[in-house]
Amino acid sequence: MLKGRHLIDPMDFTLEEFDEIFKLAQEIIKNPEEFSKVCEGKILATLFYEPSTRTRFSFEAAMMRLGGNVIGFSEPNSSSTAKGESIADTIRTVACYADAAVIRHPKEGAPKIASLYSSIPVINAGDGGHHHPTQTLTDLLTIVSKKGSLSNLTIGLCGDLKFGRTVHSLIKAMSRYENNKFILISPKELKVPDYITKEILEKNNIPYKEVEKIEDAMEELDILYMTRVQRERFFNEEDYIRLKDSFILDGEKMKLAKEDMIVLHPLPRVNEIAYEVDDDKRACYFPQAKYGMYVRMALIAKLLGVR
Amino acid sequence: MLKGRHLIDPMDFTLEEFDEIFKLAQEIIKNPEEFSKVCEGKILATLFYEPSTRTRFSFEAAMMRLGGNVIGFSEPNSSSTAKGESIADTIRTVACYADAAVIRHPKEGAPKIASLYSSIPVINAGDGGHHHPTQTLTDLLTIVSKKGSLSNLTIGLCGDLKFGRTVHSLIKAMSRYENNKFILISPKELKVPDYITKEILEKNNIPYKEVEKIEDAMEELDILYMTRVQRERFFNEEDYIRLKDSFILDGEKMKLAKEDMIVLHPLPRVNEIAYEVDDDKRACYFPQAKYGMYVRMALIAKLLGVR
Amino acid sequence: MLKGRHLIDPMDFTLEEFDEIFKLAQEIIKNPEEFSKVCEGKILATLFYEPSTRTRFSFEAAMMRLGGNVIGFSEPNSSSTAKGESIADTIRTVACYADAAVIRHPKEGAPKIASLYSSIPVINAGDGGHHHPTQTLTDLLTIVSKKGSLSNLTIGLCGDLKFGRTVHSLIKAMSRYENNKFILISPKELKVPDYITKEILEKNNIPYKEVEKIEDAMEELDILYMTRVQRERFFNEEDYIRLKDSFILDGEKMKLAKEDMIVLHPLPRVNEIAYEVDDDKRACYFPQAKYGMYVRMALIAKLLGVR
């Protein structure tokens, strides 16, 4: 039963609950008309204490395509926080006006705190380097829709695997399904942290290897998950410049991949995928954005209990 | 007849008109479904020349819960004002697009000027230290809903009574009802200005006293109206720090109060009400925020003439 | 057939297509109720990389009055651009969420680039000193509605004719209709550029003259199009101050004009039209803003193919 629940950490939901959401998302994709008024009269609050246009648009479009309304802010300075209000008070006030709230916050744990004081469902839309559960739902819905299953897959993850929270969440989520393998492609400086490799992969006997070149993994992959090297995660500009151009996907490297491999990316990209790859039918990062809207529609409908 | 009217000063409306709004608000609370489409096809413009997330959310949610739409801005820099436009021209243009306008402005009198040039209803959502009439409507609806009447009450007002415009408006509004008494609780530096005590209370023979401790008033009160000590109203940081922690309401002080006393606060609070008070059933400041949305629904419906 | 098309340059559309839009706009004006749900379930994205409250409000109100929804941003810093994303990627992502996009951008050509990558209609809402086609549509709808025709008119254009893109577009657009004459009223420093006078007017044998005083043109005019002297187009403050007050329209000058002359202005105005002119029945700049909303309703309905 998802009605009234919060979504803070992708692991908050069981596999069965994930499945329930994906099934509803796929129904919506098939027949969007049928769902176009299920949230009529309801209001979603989008509280973005840090700008993220893409994520905000995805949530707002999702709510509107369910027939609902949106209130919100997209910048921290227009919020009551400037007047010294706690997030506990903010959410209790917002709960007077809205039926559910989406929170993006630069501080880890802020959405969790909000959820503890909230009488309406709270959805974490990213809290610092911590969680971003609807990105994980987006990734999984894209995979299950494109590959037909979430099991028996070889998943390559490439780029900034140290700071990239979407990568960590995806590894954790895909580790819950059977018979998946991981190939971790990154420079030494940006390797997946130990708590993932040791405590999640090794502890659960999930096969993985670490390589330093896309070419060394390409042939085996069912999925290549590319990530942006985020400037804001680096301590100094020099390191950023030296590393950002490593691990760029281009048409040449795509020639090594399977015919039915899919390329994913949480977007925005800077230059880690060459534009020439966009026309390759295996490039799925824009369809992935669309799945992101559908999975949010399903999530909102479930948390509000209208489906 | 409220259709087509402006609301600039809380005193713009007669007691009968207040009453008409509160009655409609209470009907909406009882049966929100019935009002969920009365503003269909209508647009409310929210023009916030100064950020106030809470007030903006309250108006936007109100309009949406009546089935209407909202356009607006929440920051001054995104407005045409930057190009040198007068507020008279702005409202005349906005009136081409919207059916009513809400204006929040740092300059006293700005919403009044707008109303003089406007062919659509203008609602003042706060103009500097001047008026904030929908806060007053919110306070009155909360009082009448919780206490059953707006007369025969002993009202304590605590905190910054010098600069707090909501306090001044509430005193003026409650002075219009019969047999109310006021206890003004503040440090000397932040006392209610003379024009209120002399020209409104004394001139109308309304009993009041001024005390410097919450404890000295608590037992008598039917209502305790707490206010935030607003940093932006102080001339220097030192005074702010010295005075902000005076007059904090906590569980200990609540023990002195009547069983059916209610605590109100316009929010946001900083630390003038301890968190432990939140669980006391007499704490009504979050329900008050909800009444704020309902009273705005009633106000909008009346000014637009749909009810 | 306008369904699915982009509008980047006012000249993208033929006279017949202009006419189709104006006819629909006039139907909407006559019977707005009939169109109040034609965009139900559709979403318009308003991407303002440069603030322009008036234009944004006009588009948003237009979409809402067709029953549609709006997502968007009104400031550049809240967009993904800050993370280094290209406009090509932005529009491809936005196309996952929305059914049409409006783009305002400080860089000339940006909306054009977006349109090349977009699967949804893109409307240019102003790109630097370049195009602003919906302002041109607004001007033409106002003229045809007030004067009954777009031909056989003497059109005076006054103010900053050098940098004013709306003036250049209006001259181009009105040059496509029969038997129009232009009187260009500006200081020498702000004359219409040669590429307009030589290559459009002279090449097509369209009569025009250049004068330096409003008084020298007034008697002949059917339309007086006033423009703001935009501070941001000047290279130095001195020139701006010296020139901005030239070419101010006041009641005295209005006495020279025909009884059925109309005054237009794209707004916002600063002081180039004295307030006393507002009460003259020939002042049409506020009605013009309303025509702007209606013409955008017609445009959106056409591009989305719902009418």
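Note: Cβ is positioned from N, Cα and C throughout, glycine not excepted.
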Among A:R104, A:R231, A:R242 - the residue TrEMBL places in the same carbamoyl phosphate site as A:R54, A:T55, A:H132, A:Q135, A:L267, A:P268: A:R104
Site extent for carbamoyl phosphate, whole Å (max Cα pair distance, A:R54, A:T55, A:R104, A:H132, A:Q135, A:L267, A:P268): 17
Cβ-Cβ distance under 8 Å to A:Q135 (carbamoyl phosphate binding site), same chain, at least six residues away: A:T55, A:G126, A:T166, A:S169, A:P266, A:G292
A:Q135 (carbamoyl phosphate binding site) - helix vs strand vs coil (DSSP): helix
DSSP state at A:L267 (carbamoyl phosphate binding site), helix/strand/coil: coil
Segment confidence, the domain 'Aspartate/ornithine carbamoyltransferase Asp/Orn-binding' (A:152-301), expressed as mean pLDDT: 92
Where A:R228 (L-aspartate binding site) falls in three-state DSSP terms: coil
Helix, strand or coil at A:T55 (carbamoyl phosphate binding site) [DSSP, three-state]: helix
List of the binding-site residues A:Q135, A:L267, A:P268 facing chain C, defined by a Cβ pair under 8 Å: A:L267, A:P268
Secondary structure of A:R104 (carbamoyl phosphate binding site) (DSSP, helix/strand/coil): strand
Distant-in-sequence Cβ neighbours of A:R228 (L-aspartate binding site), under 8 Å, six or more positions away: A:G159, A:D160, A:G164, A:H265, A:P266, A:L267, A:P268, A:R269, A:V270, A:E272
